[in-house]
Amino acid sequence: EIHVVVLDVNDNSPVFKHRVYTGKVFENTPEGFVVLRVVATDLDAGPNGDISYQFSQGVSQSDSAFMIDPVSGEIKLSKPLDFEAAEKYELSVRATDGGGLSAICKVLVEVVDVNDNAPELVVSTFTSPLPEDALPGTVVALFNVKDRDSGANGKISCALEDQLSFSLRPTYKNYYELVTVNALDREETAQYILFVTAADAGSPPLTTTQTFTVDISDVNDNAPVFNQTSYTMYVRENNVPTVLVGVVSAADGDVGPNAKVTYSLVPAHPTEQPPCSCISVNSENGDVFVLQPLDYEQVKQIKVLVSASDTGSPPLSANVTVHLVVVDENDNAPLVLYPSQDSSPPSSELVPMSAEAGYLVTKVVAVDADSGQNSWLSYHLLRATDPGLFVVGAQNGEVRLRRPVTERDPVKQKLVVLVRDNGQPPLSATASLSALLLSDFSDVRITHSSLTTEDEGHSLTMYLIISLVFVSLLFLTTMAAFVIRKVCKRNELNIGDMVYGAGNLQSGLANAAAAGTLPHPYCYEISLTTGSGN
């Protein structure tokens, strides 16, 4: 019996189950994850049938992301994958038996995208500050958005949050414009903070927010506005020059030079004369001054137009009316109209002897140029030949008889009526009048002649008194001059005697010094002025 043992020879190469292996893996798969397993068989036995696996030397540099188990053929991740870096990998795996024979298969690994990239927003242009007079549709910013993911994960939508003055406008592909929608007003909103949000369509979606801070620059679109629709100011008459009577104030809603306000006086109409020169306004602070004294009796009210203008380009202005009311002061004394005080002699009122108490003799009429209580007049009997005979109405100036006329009353009655206003301090005037008490009005001519002669006698007496006073003053002046001259001469004689006595004193003192004593009969009295020396 012969046993023939057939010894194996490595005449069979390894054979893979599939020539091409494919697998998928998510890009966020962790390291060590088994992507797939390659399997090869060898018909040989023993060491010739033992197979080991390794990557072929021709594999690209991307094979470093994978590793293979040489015994089991499992292909695992050696590092995280990134779909945005490589979407798929092509690997070559070599299976080698113990005899050195080998076979190669291809492995295709597809990376599945995961939404792991947020959208990117890239700003191309941005304008800030933006003038407030920018028209609707003005482009503020231009930007584009992109997402490195693919498919739904790479689809991006943009939105502007809660803004009515701006909007987003898509242009080309993923480019957007940020534009104005309505007119802007810096005085209402000086700064806009805009949030643009870009979101993809992944699950869950990822977002990116870009902030645009848009400052609004000022344009001179606001005229100054006065804090009152008109001003009323008061000044007392006879005021001191350059007196401050009030202030006008205007505010401008703009900023910077556009808000600087200057004040000036302007005519109400371009064709009118320049405004009153007695009023001035400070161009910086709006102080209103009266430059010269005013007289209420000449002008009671002045109306001027004050203009407030800003320094913008072009400048804007506003006007307001200022009423300057002159307040009356009691600077006018009452003026007596009747009886006239200019006639000489004054006219006389005729009163019958039969007149009873309350008889109207005359009426004093006076006016006052002032107004208000300064012009309220009251009448008082200041002096009278017989004060008990007449009474004056305090309000109406009527001169009436207090009692009936008697035979003992003087025929000619002189009265002085005081007219006083109600100002502070009160001013007054006097009215002189005369009354003739007659039993018969036919005696008027005779009485007037005697009164005229009496008045002439009074004038002559006045002249004599003046002459006497003048002569007396002349006599007193002459006597004073004479006395002064006598006193001066006496002083000169006293000075001479004093000098002579001083010489005798010096001689006597010298003799006394020689004899050792002063003579008893001699007594000297010396008067020297201050600073006269020895």
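Just so you know, glycine gets a Cβ as well, placed from its N, Cα and C.
Because TrEMBL annotations are produced automatically, they should be read as predictions rather than curated entries.
Taken from TrEMBL as is:
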- 17-121: domain 'Cadherin' (DOMAIN)
- 122-226: domain 'Cadherin' (DOMAIN)
- 227-336: domain 'Cadherin' (DOMAIN)
- 343-433: domain 'Cadherin' (DOMAIN)
- 460-484: transmembrane segment (TRANSMEM)
Residue distribution over DSSP helix, strand and coil in the domain 'Cadherin' (227-336): 4 helix, 50 strand, 56 coil
Residues of the parent chain within Cβ reach of the transmembrane segment (460-484), under 8 Å, 6 or more residues beyond its termini: none
Local confidence of the prediction over the domain 'Cadherin' (122-226), expressed as mean pLDDT: 89
The domain 'Cadherin' (122-226): DSSP-derived helix, strand, coil residue counts: 4 helix, 54 strand, 47 coil
Helix, strand and coil counts within the domain 'Cadherin' (17-121) (DSSP): 9 helix, 46 strand, 50 coil
